[in-house]
Structures are given as structure tokens and as C-alpha cells.
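Undergrad: Feature annotation from TrEMBL assigns transmembrane segment to 65-89, 110-129, 197-216, 223-242, 288-308, 351-369, 381-401, 407-425, 437-464.
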Amino acid sequence: MFSNRLFYTLLALVVAINFTALCLPIMEPDNGLYATVAKQMYLTGDYLNLYSCGLDFLDKPRLPFLLNVLFMKLFGFGSPTAATAAYKLPALLCFSGSLWYTYHFARLNYSRTVAQLAMLIFGTAYHVILSNTDVRAEPFLTLFIIGPAFHFTKVWQQGERNEHASLRMIPRSHWLHLVAGSALTACAMMTKGPVVPIATVGAGLVINALLTGHWRGLFHVRWLLAILLTLLFITPELYALYQQFDLHPEKVIYGKTGTSGVRFFFWDSQVGRFLNNGPLRGNGDPLFFTHTLLWALLPWAFLAYAAVGRAIMGLIRRNNRDAPALPEYVSLGAGLTLFVLFSASRFQLPHYLNIVFPFYAVLAAHYLTTLTDKALHGWTIAQTIMAGLILTFVTGVFVWYQPERLTTGLVWILVLTLGTVIVFWRSDNVNEVADKASALLTVLMGRMVGLMVLIGGLINLFFYPSVMRYQAGMVAAQYTNARPDWTGTTYLYGFQTFGESSWTYEYYTRHPTQYVYQDSTLRRLTQTAPVHVFTTAVYADSLANKGFNVRRIASFPYYRVSQLSAQFLNPATRPQTLKAYVLARVY
């Protein structure tokens, strides 16, 4: 129904445009924080303990950092490109694995066309592309969620076929899927904690069992074995947490002593956030993810909402031709459970729902393939109009910002737009084709993939390379790396700078760094010789007022590039949004 040649061409474009994230340095602040944690592990060879800013780090489990360290050993820090690849490539490979698993998960219950569409929908969702650029835990976690969903669904299906077989008679592949699903679930826990995988994969399987009438299968001994295997696989993380924190109750973590790393892993890191009674708190909005999905899942958000809505109506009105039952309910169960859970939480960030985008993609793909020709034609027109509006908005912002490569970027927009229009020109000519649905899907998918390839390339190749020059720490590190006379340790001073631009300096510099929290420490260091300090201009002035001699060597403009504002995008008002960072010689 969907041409293989076209599918593989579009898939190659999707993968390629996501991998253009390697063209951009790591983005402040969270990327910088996580990158420096991994760099400390790499430099010290201490794979048991996590440190940030010279202090114990408890906020995240270890697995993503260990994967980063592995690639740091492969690429090193010989150049900014190598340093960027060492941090981003593991996430991009996990994204590729998520695409693979999305296809195979869909194929367990749907046609090849649905599986192919699901891959393309997931790979072109706006926030997926953005998260592969602004790398956090989500690219890893998505793989570690959709992977177990595939393996455990496979186990479930094999279990239905061998319902009365003894354990010895169950096929070997059944156990391989059980072990693989348990291992990937453990990886999810060692990436984000235990709640998310339980609330997605676990809830999806339970809801599927209840809605399909096979609830007795939930009590099979295989699931107890899966739980035991998962607990076994997470023992390295528990051991490391116990060694770093539980054995040292004297350590001050989140402003208090007696912090248990194991308790934080199982409770405070996620349940505490959801209940808003842990050390990390927020102010949630029950409708936050409802409107966040409208832009995060572009250009597929409305299709996903329609697919979920029809699936829910199918449950309410059983045997309704307009809302038939789904072939499986893992996707709906996982997607809705996490959506409701995060909406009820008081700690919310836009990227949290990325991990269930593969499930939404499967639902949307299935929805598309069940539409009548007339309805599919209507969706094609609606999506095309939306694409035109998005393209107009993106082009307007790009021109307004006035990046250095404005002309080249506009050529990119023109070429991609014309190419997409020419190749996928008309949808009304499908009356001349025997398989109208296939022709309509070809036009729809081609136009949407073309749009997101255009936007992804514009962001990663033309827009953000210009914005990144306002990452003061990264630019300052490039400055010191280029100076042969720059030797010794650079001291990072000023507590407020630690969450801004000091992390990218620490990551990209080839020189030693040390964080300074007290003026007395800096005074002691300067008693023997002058020292290099990286800080804000305001902090540099405060040092001068405290009796230090401060000679400024270079100044660098800073803006938090992950939170763009209209004032920053406007060249006329941009200078008002910038903060000055300086490299100084202090004595």
C-alpha cells in the first residue's frame, strides 16, 4: 500500500535530519550539566560516583553518563566536534533504536503500512527533533520504553499461544524476549528511575489485558520472573547509590544530611516530584501537556488527538462502526496513563512526554489507514494548510532574527519547499490512481516529512549555529583552547554562574577547572600567584570591590539559548537581553 522505495527514501531523510544535531554544540544549561558529569567520570576514571560543580550529584541515575563516557573514550576531546559527538552520538543511536522498535512493535498487531507510517510520524515529531539537538534523558529513555513494550507484548502473545504449556515447553524465543524486556526496563530505571517504565509499559500491558479479556495472563509466573530479572539488572545502580550516599550520611545533599541514595532512586526522584513533597518541587498545571502536545507533536498533533479520541469512543461505544476496537491497547494504555500521570504532577517539563511519542505515532498511523478516501483527502488538505502556516511562521522568525547565514538559509527554505511541492504536487489527481488511499498517504507523508526536514535543517544548520555564539562558556573555552600561553587551572567563580554558562566552559575547555564557592578560597589561591577566573562581569566587579585586583582579558555575551524570547530574537532589542561573562586574571 505504501511504496518501499518511497518509504526508505523518506526514512533516510528523517534519520539524516535528526543526525544534523551533531553540527551543533551541546546546549545550556541541562546539556552542559550532564556533559560535565560524564566528563568528570571520564577524567577521573571513577565510574561509581557522580559529581557536578565539585559536589556529589544525586539528581540522575548513572546509565546515560556511562554511555557518554564510553563514547568519550572513543572520540576524546581533541576538538569541539569530537567533544560534541561524544555527548550526542549515544542519544542519536538510541533514537535510531527507538525508530526500529517502533516499527517492530507496530508490526506485532498492525500492517506493514501502519508500522512504516508510525516510524515516519515518530521521527518527524518536532520535539523529537529538538530533543536530539538539546539532548537530555529522553532519547535514551524512549528506546528503553518502546523496547520493553515490544518484547513484553511479544511475550504476551506467545503466552496466549502456549497458555497451558509447562515452563519447560515454552519456546526459547519466549525467554529471550522476557530477558531482553527486563534488561531494557532496568535500563529505563537506571536512566530516569522506576516510576516511568512502570507507568508506561506496565500500565499498557495491564490495560491491554483488561480490555481484551485476557486478564488471567497477568498472573502468570513469567511476570514475576520479569520483575526479579529487572531488580537483578538494576543492582549496579543501587550499589553505586548505596556506596556514594547511604554509607556517608554526613554528606550534605539538597541542604540536609542523612540522604539515602536508594530511597531517592525509588521514591524522591519521581514519586516525590509527582506528589511535590520531595527535594525537587514545581508548580504544575493540569492542562500543561494538553496544550504542550499541540506544538511538541507537530505536525501530527491533531491526528494523534483524533486517533486517541476515536479509540476512547470505541471503548465507550463497543461495536460501533465509526469507532471500531483497536487491535491492541498497549499503545493507548501507555500513552494515556503517562499523560494523566504527568498532568497530575506538579513538576512538569515539555520533553517529559517524548517517551510515549512512539505509541501516539502507532495510534495516528493506524487511524490514517482506516480513514475513508474522502476523510483522508480532507486530512491531507488540512495538514497541508497547517504546514504552510508553520512554514510561514518559521521563515518569519528566521528572517526577523537576522542570522549570519540568512541568505543560505533562505535558499534552503526555497529549495526544500519547491522540491516537496514538485514531488508531491497534487492530491486531487488520486482519482486517476487505482489505489486512492495509497496515493493520498504518499502525498500526505511526503509533504509532512518534507516540512520537518526543512525545519530540522533550518534549526540545526542555519538558525542555532548563529544563536550558539551567545553561549559564553563555550565561546570562552574555544578562546582559551586557541591560546598556547593559556596554562593552569581556570577557576569558575560565582554561584549563579554554575547554572548558566560555566558548564559549557568546563566541558569544552582542554584545561583543568575548579569551582570556587568562597571568597576566602579565592584569596588563598591568589596569595602565591595570579589565577585565571571565568565569571560574569557583575561578579568580576564584586571581586574588585572586595579588594582583589582584576584584569579582564576577554568578554563574552551570554543568553540562555534554550529559552528564546521575542526580545532576544529582535536584533534591535537583543543587546538588552545579554549578560557579559569575562575571563580575568585575578591576584
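Glycine too: its Cβ is placed from the backbone N, Cα and C atoms.
Looking at the shown structure, can you explain where the listed features end up?
TA: If you look at the transmembrane segment (65-89), the same-chain residues 6 or more away from its ends with a CB under 8 A from one of its CBs are 21-22, 24-26, 31, 34-35, 37-39, 41-42, 47, 50, 132, 135, 140, 474, 478, 507-508, 510.
Nonlocal intrachain contacts for the transmembrane segment (197-216), taken as residues 6+ away from its ends with a CB within less than 8 angstroms of a stretch CB, comprise 144-145, 148-149, 152-153, 156, 160, 185, 188-189, 315, 328-334, 337-338, 341, 355-356, 359.
Proximity of distant same-chain residues to the transmembrane segment (351-369), defined by a Cβ-Cβ separation under 8 Å and at least 6 residues beyond the stretch ends, is recorded for 1, 98, 101-102, 105-106, 110-111, 113-119, 121-122, 125, 127-128, 131, 136, 138, 141-142, 145-146, 149, 196, 200, 204, 289, 292-293, 296-297, 300, 303-304, 306-308, 310-311, 326-327, 330-332, 334-335, 338-339, 342, 376, 379, 437, 441, 444.
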Undergrad: Using a Cβ cut-off of under 8 Å, list the residues of the same chain at least 6 residues beyond the transmembrane segment (110-129) that approach it.
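TA: Those are 1-2, 7, 10-11, 14-15, 17-18, 95, 98-99, 102-104, 295-300, 303, 327, 350-351, 354, 357-358, 360-362, 364-366, 368-369, 441, 445, 448-449, 452-453, 455-456, 459, in sequence order.
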Undergrad: Under 8 angstroms, Cβ to Cβ: which one of 223-242, 381-401, 437-464 has the largest number of such pairs with the transmembrane segment (288-308)?
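TA: Most contacts with the transmembrane segment (288-308): 381-401.
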Undergrad: Of the listed stretches (223-242, 381-401, 437-464), which one yields the highest count of Cβ-Cβ distances below 8 Å with the transmembrane segment (407-425)?
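TA: Between the candidates 223-242, 381-401, 437-464, the best contact partner of the transmembrane segment (407-425) is 437-464.
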Undergrad: Restricting to the same chain and to residues at least six past its boundaries, which positions have a Cβ under 8 Å from a Cβ of the transmembrane segment (223-242)?
TA: 48-49, 61-63, 152, 155, 178-179, 181-183, 185-187, 189-190, 261-262, 264-265
Undergrad: Can you name the far-off residues of the same chain, 6+ from the ends of the transmembrane segment (381-401), with a Cβ under 8 Å from a Cβ of it?
TA: 298-299, 302-303, 409-410, 413, 417, 427, 444, 447-448, 451, 454-455, 458, 462-463, 466-467, 569-571
